[in-house]
Amino acid sequence: MKFIVKPHPEIFVKSESVRKRFTKILECNIRNIVKSRTESVAVFNRRDHIEVTSESNEYHAEVLEILTHTPGIHHVLEVKQSEFKDLHDIYEQVLELSRPLIENKTFVVRAKRRGKHDFTSIELERYVGGGLNQAVESARVKLHNPDVTVKVEVSGDKLNQVLARHKGLGGFPLGTQEDVLSLISGGFDSGVSSYLHIKRGSKVHYCFFNLGGPAHEIGVKQVSHYLWNKYGSSAKVRFISVDFEPVVAEILEKVDDGQMGVILKRMFMRAAGMIAEKFKIEALVTGEALGQVSSQTLTNLRHIDNVTDTLILRPLINWDKEDIINLAREIGTEDFAKTMPEYCGVISKKPTVKAVKEKLEAEEAKFDFSILEKVVYEARQMDIRDIAKESEQAAPEVEQVQAVEEHAVVLDIRSPDEEDDNPLEIAGVDVKHIPFYKLGTQFGDLDQSKTYLLYCDRGVMSRLQALYLQEQGFNNVKVYRP
């Protein structure tokens, strides 16, 4: 197994020292993730690319998944590496691999060469291309826009034949930019805005203002852990939860109805600014888009920004909602957002779209700011890697089983795409598929006389969902970890 990783082109327009630093960070990020999930996989920095190799193909799919979801990578080449004797030997090896690919098609050979050889790259292309054209009668050479491009790389005495090219995330390696604090609600917008900053190279910490109790917090932890695990697991980041119900209660009691929405957002920013300062985080990230709701007019956003000196970043400010949802679907957060409760929009019946500074300040003068200081002081912070451990500790009564007991039903709670890619089939066992985001509404319709074993690939989602179901009063659930 061998992959050639090409860093994002923006890295190579940097100065030599910055380029070296960025590629070194990318190398370390890849190595850290690969070592945490696989064995016997080596990572090498080759200046203009990074090689990931193993003697075995056991972790092929796992490594490819890691590389295509790691920030800073433009594309990944999947290659077959072998030794060669001479130019004709190269041709014979390429013919063996490429014959079925070019039959009844047009093709071109593109070659790259490093090291000392008795042939040039152009001579290599002509020799191999001419040989393929003669050996495969139904194939035809076409230099521009062919059906198939046969890619060959020669480095020293090694021949690399490109089997496939996979698109990377792009952006910058994680950790090359300064840290940010994402105000995450679990909805479409905050998940996408967090992803965009991960992709751009920032370590994204998560701050959740809890307005909806334990069930809401569990859901937000799930999407935060998913984003970290899928795109940023090379970094150590924090998840911070702030119980904002006392603040909301004070606003509902003291503040004029029309000003509630903007003042709540101002309280969010004040609290987040204090947390960012405590942890030396340079900027806040929100999922706000211009005009999407009443608090997101330019006037209101300016009043919201003015309560903190911390930089506020809004990567979605000019995005349409449809585009946000499409990207959420692409990165895998759509299913979380679909069932995430939304609380912020319900506290003001007639919200202002053009707040006045003096009126906001007059309403806030009624507010007891010691409540805000108290909830920030009592905020709970944890290493995001401990979310899975917390789910175990928070629900020790959730039993894990390795074998399916008699009459039990296995519930595959993975997303439809994951289930399609690797269906769960167990001989003699009733396996049902209910995606995790539908469990809350569909589990109660199942036969409650039976025991249900929740299954996901890593066991994190199944434990969190089991905790959620038990909070709803269902005690017939266990976690299936074969």
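Here the Cβ of each residue, glycine as well, is placed from N, Cα and C on the backbone.
Annotated domain 'THUMP' per Swiss-Prot: 61-165, in sequence order.
Here Lys265 (ATP binding site) comes close to Ser295, Asn300, Ile304: these same-chain residues lie at least six apart in sequence, with C-beta atoms under 8 angstroms from its C-beta. Positions annotated as ATP binding site by Swiss-Prot, on the basis of sequence analysis: Leu183, Ile184, Lys265, Gly287, Gln296.
Secondary structure at Cys456 (disulfide bond), as computed by DSSP, is coil. Feature annotation from Swiss-Prot assigns disulfide bond to Cys344-Cys456; the stated evidence is sequence analysis.
Look at the domain 'Rhodanese' (404-482): DSSP puts its residues at 28 helix, 16 strand, 35 coil. The domain 'Rhodanese' annotation in Swiss-Prot covers 404-482 and is backed by sequence analysis.
The active site, cysteine persulfide intermediate annotation in Swiss-Prot covers Cys456.
Note: the Cα of Gly287 (ATP binding site) and the Cα of Cys456 (disulfide bond) are spaced 29 Å from each other.
Ranking the binding-site residues Leu183, Ile184, Gln296 by the distance of their Cα atoms from the Cα of Cys456 (disulfide bond) places Ile184 first.
In the domain 'THUMP' (61-165), helix, strand and coil residues by DSSP number 38 helix, 38 strand, 29 coil. In this view, the densest Cβ surroundings among the recorded positions Gly287, Gln296, Cys456 belong to Gly287, judged by other Cβ atoms lying within 10 Å.
Secondary structure from DSSP puts Ile184 (ATP binding site) in coil.
Summary: among the binding-site residues (Leu183, Ile184), the fewest other C-beta atoms within 10 A of the C-beta are counted at Leu183.
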